[in-house]
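One structure below.
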């Protein structure tokens, strides 16, 4: 093992060991991951193109959706190409600085994913509770500032991860039993005191995930009160229907996130490592894969545009 300094405590590189215990089926595991990644890239870029090209979709709700798609692409692309190289070609070595960079991007984009879902909940709250002021409250300027602040929040809170991890001594070796550089996965192979890393990781989870979930819960409580007070059953159904896709996106994002977070800290000895690592990959891949499908099926305007586009292409092929 080579080192960056003379103390022998900072490795020049790490070895990402893939999925321990399932090495013989790495190739088979790679196929569904690659399929999901392909769907995520095609679906999210297609969604962003539709929102950009169709003037009817130039509304706050869809601008936030485009921001979610952009975040999804960055989030899954920060790990999946590297993971597939491990599973396909056994390319397990990653430079120490590259590992820190990957850790930074993974946690920044997952934090931004949570933040965008929170902004979308606030968007639905304004649309349902203050429909007449919707366009004046959520202007392009407000949306841009909200998106930038969400990204900035993630960057400011995640940067300390890299310094806290860099300071640790790695005298136990440089093999990480994972497919990508996650903060606690890297910290756990250190022979130093990782209590500060664990405490700060918990603080960041509360400041980002806890705050966002609180805002989402308050928003939907107010939405529920407003919808229940509507006298028309059709109006109630229409109001609820505008939220169903977003609620599905919340479930798809937070369920694997909670599983990954809590098993890292409390379930290390009861849950097999390969289950944790597979769930950690799905945590970064499931939302980007499912969100375009959910919004394409559940959102009427997007569904109609996609159907119109497909039939137009079909008619053009017949005319040729």
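Using the three backbone atoms N, Cα and C, a Cβ is placed for every residue, glycine included.
In TrEMBL, annotation is done automatically, which means it is predicted and not curated.
Copied over from TrEMBL:
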- 43-295: domain 'G-protein coupled receptors family 1 profile' (DOMAIN)
- 27-50: transmembrane segment (TRANSMEM)
- 62-89: transmembrane segment (TRANSMEM)
- 101-122: transmembrane segment (TRANSMEM)
- 142-164: transmembrane segment (TRANSMEM)
- 198-227: transmembrane segment (TRANSMEM)
- 239-262: transmembrane segment (TRANSMEM)
- 274-295: transmembrane segment (TRANSMEM)
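Residues 16, 18, 26-27, 29-30, 33-34, 37, 40-41, 44-45, 47-48, 51-52, 102, 105-106, 109-110, 112-113, 116-117, 119-120, 123, 140, 143, 147, 179-180, 249, 281, 284-285, 287-289, 291-292, 295, 302 of the same chain lie 6+ residues outside the transmembrane segment (62-89) yet bring a C-beta within less than 8 angstroms of a C-beta in it. Taking Cβ pairs closer than 8 Å, the transmembrane segment (142-164) reaches residues 60, 63-64, 67, 100, 103-104, 107-109, 111-112, 115-116, 118-119, 183, 187, 196-197, 200-201, 204, 207-208 in its own chain, all 6 or more past its ends. Highest Cβ contact count with the transmembrane segment (198-227) among the listed stretches 27-50, 101-122, 239-262 falls to 101-122 (criterion: pairs under 8 Å). Along the domain 'G-protein coupled receptors family 1 profile' (43-295), the predicted structure has mean pLDDT 92. Outside the transmembrane segment (27-50) by six or more residues, the chain places 19, 57, 65-66, 69-70, 72-73, 76-77, 80, 83-84, 87-88, 278, 281, 285-286, 288-289, 291-293, 295-296, 302, 305-306 with a CB less than 8 A from a CB of the stretch.
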